[in-house]
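Asker: Swiss-Prot lists these features:
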type: BINDING; residues: 71, 76, 77, 78, 79, 134; note: ATP binding site
type: BINDING; residues: 134; note: (R)-lipoate binding site
type: DOMAIN; residues: 29-216; note: domain 'BPL/LPL catalytic'
């Protein structure tokens, strides 16, 4: 019986693909070596310990229907589109070794005619006339008895969009999380015009088989039916939830300030696990009572645009004469935390 397993996803849903990855990783026998090939439609994928409000322009992502997905490995934020080919290598310990999977990807690139090399902690680069250019970034996860190495290859990604979503507006965030490392990148199509996702997957698959001296049939994972993986439904529900993607952010503080016709407002939030643990309001408004009441209502509130709006608009019952001010405040807060 082969010790290899090859899975290929035909879904572009990041939450689906990351849930598949998690389920395979949890239930695989320690003697198995797994290759999972996949790709995502427009998504910002952040590391396990990252703060999406710091790493991403969440407002623009919402406007452009770009999803946020938190992975279970560490590392920085990256933008995925269908121009990225994603790979995951898994193995039990002591065999798990990220240098093995790195060499498999390098061999695959070499077979395609691209000479690349490992650089730094998790990148693959090619040499160009303008200097080294990154074509792949990776992250890793290990448990007591197994590990995985996953990453992306930039095939024909829309690099102009990276700055749209990974360079957020300057917010006054004092974060305790991890700030992403920005790198100079290039697409494989700059080196191999016309190269396709299918060709890259085939090269990685053949390099995988060659390394282990075995072959195995590919298993196609499709969203058309629930994958036959233990606890997949529960894992997908968690992976796609606000509580996981946003609520797992490290503790941080956020200062919002704006001047309205009726006065200036400063809001200071301390946020932990997606909930406001402290809210302070400062204003030169001639009627500060609604804002003072708002600070109390926001304590313990989810740090989510719709919840902030809900708490703000609830004050209309007690302060109907300030309806205009409260609605302006509500709209501003919702836009500021997206």
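Cβ coordinates come from backbone N, Cα and C, glycine included.
Remember, it's a predicted structure, so these values are computed and weren't measured experimentally.
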Asker: List the residues of the same chain that sit at least 6 positions away from residue 71 (ATP binding site) in sequence and have their Cβ under 8 Å from its Cβ, in sequence order, or write 'none'.
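Answerer: Spatial neighbours, sequence-distant, of residue 71 (ATP binding site): 18, 45, 46, 47, 48, 139, 150.
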Asker: Max Cα distance spanning 71, 76, 77, 78, 79, 134 (ATP binders), Å?
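Answerer: Binding-site diameter by Cα atoms for ATP: 21 Å.
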Asker: Restricting attention to the domain 'BPL/LPL catalytic' (29-216), give the mean pLDDT.
Answerer: 88
